[in-house]
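*Asks:* Found this in Swiss-Prot, in case it helps:
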- 33-53: transmembrane segment (TRANSMEM)
- 77-98: transmembrane segment (TRANSMEM)
- 83, 182: heme b b562 binding site (BINDING)
- 97, 196: heme b b566 binding site (BINDING)
- 113-133: transmembrane segment (TRANSMEM)
- 178-198: transmembrane segment (TRANSMEM)
- 201: ubiquinone binding site (BINDING)
- 226-246: transmembrane segment (TRANSMEM)
- 288-308: transmembrane segment (TRANSMEM)
- 320-340: transmembrane segment (TRANSMEM)
- 347-367: transmembrane segment (TRANSMEM)
């Protein structure tokens with residue numbers, strides 16, 4: 001068996017990726033989220049496949065087909081809520097994974113990091129299109145509002161929006177193509193994940209100290225396989241608690257009303273995991289400016305390797321940058337809260353201040369703090 005593991009063309013790849021992979025001996029639980037994300041992706045593809053067997057992408061029957069899944073299909077309610085809340089778990093793990101990368105300087109692996117950003121955009125696009133499929137009020141109006149943002153693009157904007165809609169409004173053509181894209185994107189994401197891992201295994205994993213760990217490596221199996229299994233069990237416990245006790249906790253009640261183009265919901269808002277970006281979008285009075293800020297709120301991650309001014313990779317020994325990092329985390333919570341509030345005083349000004357803080361911490365304060373910390377180290381020596 002050992003020979004086959006190391007000689008068989010397919011087994012050899014698996015062996016080098018998950019069994020005999022040299023891993024740093026000191027990576028903490030923050031390094032568990034990669035495997036949890038893989039688990040989430042598998043769960044979403046499997047539950048999604050079973051949902052697609054019963055779903056119809058037609059404006060007349062989409063809402064009814066989701067109701068039929070929940071009421072008449074064996075364990076349909078479980079599959080549907082696993083899929084809906086699985087998306088929330090996916091984003092929780094994604095945000096923690098990206099946060100880990102920012103804290104420990106993993107963005108210095110530029111190829112891995114950039115593929116990660118592409119993955120983040122792909123997952124966000126998939127989740128957005130998935131939210132449209134049940135064809136409830138928030139599905140319809142969310143699709144209308146978000147796709148309409150593209151009309152802010154000069155000259156080609158309006159044509160582009162009508163091309164995406166497949167008509168002059170969000171209708172049957174839009175729903176059908178969103179279903180098609182929502183089905184195909186997870187497989188594209190899976191391919192990107194393989195590329196992400198390929199680039200990661202070229203350099204090896206980072207570790208909490210940010211120092212080179214070549215002198216102190218341990219095999220991935222059994223040390224990190226058992227650690228990943230523990231993480232997966234904890235995630236399943238959390239997800240099942242959510243699904244079985246509070247399935248609608250993270251959803252919107254408006255989505256239990258069938259889509260009606262003649263009746264606008266009082267507060268149009270996306271799912272919770274987009275609220276921070278939605279708050280940044282709304283905080284700018286200009287339409288094109290808002291759209292650019294929305295895209296930049298994620299794309300700013302690509303600038304992190306260029307904005308890294310410190311001699312140290314990780315934030316573990318950098319108290320000023322650490323403080324700024326946790327202020328940034330708190331700021332993202334504030335943005336998420338603001339994104340779910342109506343556009344009125346005092347939420348408008350809070351959103352604007354939080355948006356300015358978000359960009360200034362990343363673009364200005366963190367690079368300056370890196371330089372200051374380096375100077376402080378020189379003074380002490």
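Note: Cβ is positioned from N, Cα and C throughout, glycine not excepted.
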*Asks:* Establish whether the number of Cβ pairs under 8 Å between the transmembrane segment (33-53) and the transmembrane segment (178-198) reaches at least three, counting only pairs separated by 6 or more residues.
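*Replies:* Since 3 or more Cβ pairs under 8 Å link them, the transmembrane segment (33-53) and the transmembrane segment (178-198) do come into contact.
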*Asks:* Does the transmembrane segment (320-340) come close to the transmembrane segment (113-133), meaning at least 3 CB pairs under 8 Å for residues 6 or more apart?
*Replies:* no
*Asks:* In sequence order, which residues at least six apart in the same chain have a CB under 8 Å from the CB of residue 182 (heme b b562 binding site)?
*Replies:* 48, 126, 129, 130, 133
*Asks:* Let me spell it out: take the transmembrane segment (226-246), skip the flanking residues so only those 6+ beyond its ends count, and list any with a Cβ under 8 Å from a Cβ in it.
*Replies:* 29, 32-33, 35-36, 39-40, 78, 81-82, 85-86, 88-89, 93
*Asks:* Including all protein chains displayed, how many Cβ atoms other than that of residue 196 (heme b b566 binding site) lie within 10 Å of its Cβ?
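*Replies:* For residue 196 (heme b b566 binding site), the count of other Cβ atoms within 10 Å is 21.
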*Asks:* State the count of C-beta atoms found within 10 angstroms of the C-beta of residue 97 (heme b b566 binding site), not counting that atom itself.
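*Replies:* Total other Cβ atoms inside 10 Å, all chains included: 20.
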*Asks:* Give residue numbers and ranges for long-range contacts of the transmembrane segment (320-340): same chain, 6 or more residues beyond its ends, CB-CB under 8 A.
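*Replies:* Result: 99, 102-103, 269-270, 272, 274-280, 282, 310, 347, 350-351, 354-355, 357-358, 361-362, 365-366, 369-370, 372-373.
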*Asks:* Using C-alpha atoms only, work out the spacing between residue 196 (heme b b566 binding site) and residue 83 (heme b b562 binding site) and round it to an integer in Å.
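*Replies:* About 24 Å separates the two Cα atoms.
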*Asks:* Looking only at 83, 201, the binding-site residues on record, which one has the least crowded Cβ, with the fewest other Cβ atoms within 10 Å?
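*Replies:* Among the binding-site residues 83, 201, the sparsest Cβ neighbourhood within 10 Å belongs to 201.
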*Asks:* Using the alpha carbons only, what distance in Å do you get between residue 201 (ubiquinone binding site) and residue 97 (heme b b566 binding site) once rounded?
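*Replies:* Pair distance, Cα basis, whole Å: 17 Å.
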